[in-house]
Amino acid sequence: MPASQPRSRARDRNNVLNRAEFLSLNQPLKGNQENRSSGRKQSGQAGAAGAQNTNPKERRQSQQLPEEDCMQLNPSFKGIAFNSLLAIDICMSKRLGVCANRASSWGGARSMINLLGITGHGIPWIAGTLICLVKSSTLAGQEVLMNLLLALLLDIMIVAGLQKLAKRKGPYDINPGLLDYLTMDTYAFPAGHASRVAMLSKFFLNHLVLAIPLRILLVLWALCVGFSRVMIGRHHITDVLSGFVFGYLQFRLVELIWMSSNTCQMLISIW
């Protein structure tokens, strides 16, 4: 043991890092430590004072912001499926908008498609129903025409209300026409023409005696009018399909509140 102690002392003496000029490398300066600790204390005190001076609302907002701004990295299967179907609907609707403008592939047929769409407008149908009602002389005819007028008015109000709630725009930036503004058919979902022609075709099939060729033509007319709205770029495919569904539901509603002949005669006499 005595021999080992002189050896260790001689080794410490020979160690270069034990010289005075290298001591600062082995041990941190006390002044630096004190400065750092005082700086930390001052910053902590300043932070605490700032936290006390901030309002409770600002503190709550600062705590909530990271949670609100975080991005949902693991969406649900329903969200993925819905967004995928929505993207497919928009893409297919744009592809089928062959008459959206004059420069489209079928731009020359735009006038004919618009003329087909006029047959599904609400204003011509309401005007025609009123003219037929004035000229009708049978109680059965007046009953059917009065309920048809009720169905047309309900269709305009229901579709306008749903469009105001959804506020979905069409695949192309196309301004509505004058007749569209009169029937408040300014948005895309649901398609007013589609709901109207679906309701009308179902109404005529139930309350008019028609031959089979006329029944087939009536259904084809409803389908052509509905999808003509996709061709001119006013509606998406889902807008037209939902319009067909709403038109059928409106027909069922009119059947439930069907006005009798006496009620129709009373309304006609008031009018």
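Any Cβ shown, glycine's included, is placed from N, Cα and C.
From a predicted model like this one, the values you see are computed outputs, not experimental measurements.
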Residues flagged as transmembrane segment in TrEMBL, choosing from 112-138, 166-192: 112-138
Tally of DSSP helical, extended and coil residues in the domain 'Phosphatidic acid phosphatase type 2/haloperoxidase' (143-255): 84 helix, 0 strand, 29 coil
Confidence summary (mean pLDDT) of the domain 'Phosphatidic acid phosphatase type 2/haloperoxidase' (143-255): 91
